[in-house]
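Report on the structure given below.
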């Protein structure tokens, strides 16, 4: 057979659960709506209230914008697959979707690291906070996260686009993931696999390690607080933040490595976790980082009251 780029791919959804697709779409749609409304609310509230024009809330705006891109690049197509059986996606659309998913996952990891750094300065170095995290510094950190994400995934996207594809064009997934596309290619795909594994391991390994160090230092400082109420409040805040961070990293790494070596893991379980990885953190981030913040909570409640 001729080896070239196909005109389109077929996305199967969740293999093994095709009969339940119609009903699975309802909780997925609910979570997507909550994620979109929550992140849009955070963005609008921060933009409208001058009191929220601070480094922490700028980082929160970046996180909300990144979550909107992640969910919107996948969920509308996923819901069309589940409800309307529109499984086909053009090749270019598949490549673009893969680029947005992986690049903005890296961007979100960078933003979470910047937020951990912000909390470390606020709790452990409060006297130096305003001097270090100035407006230009916040902008540079956000730009660095975006450049790193786009810069790392652009070569991967070019490598996938240049592969030749023979035979079946069915992707056993709900969206266009890098390794799912590579498995359909013919020829030598080792450079793609090596680059993908190396990039994911370096990004997640370095970012998660630095985030862990930041929160260890924060918790050590919290233990030294004299007020019991202050310690309890700080512990609750840190634990909720750590929970959301784990929900972002653990399912993503699980899905990433299972695609390569987890042949004994049921396919439908892997795909379901990969789908929830792009839904649950964007849905929870506005609640954990936004509504638990007093200024944002008061602003949202006042708007609702009006």
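Using N, Cα and C of the backbone, Cβ positions are placed for all residues, glycine too.
The feature transmembrane segment is assigned by TrEMBL to 20-44, 56-75, 95-117, 129-153, 194-223, 235-257, 269-289. Marked as domain 'G-protein coupled receptors family 1 profile' by TrEMBL: 38-289.
The stretches the transmembrane segment (269-289) and the transmembrane segment (194-223) are not in mutual contact, being linked by fewer than three Cβ pairs under 8 Å (pairs 6 or more apart in sequence). Counting C-beta pairs under 8 angstroms (sequence separation of 6 or more), the transmembrane segment (129-153) fails to reach the transmembrane segment (20-44), with fewer than 3 such pairs.
In the predicted model, the domain 'G-protein coupled receptors family 1 profile' (38-289) shows an average pLDDT of 87.
Sequence-distant contacts of the transmembrane segment (56-75), counting only residues of its own chain at least 6 positions beyond either end whose CB sits under 8 Å from a CB of the stretch, comprise 28-29, 32, 35-36, 39-40, 42-43, 46-47, 97, 100-101, 104-105, 107-108, 111-112, 114-115, 118-119, 122, 138, 141-142, 145, 174-175, 275, 278-279, 281-282, 285-286, 289-290, 293, 295-296.
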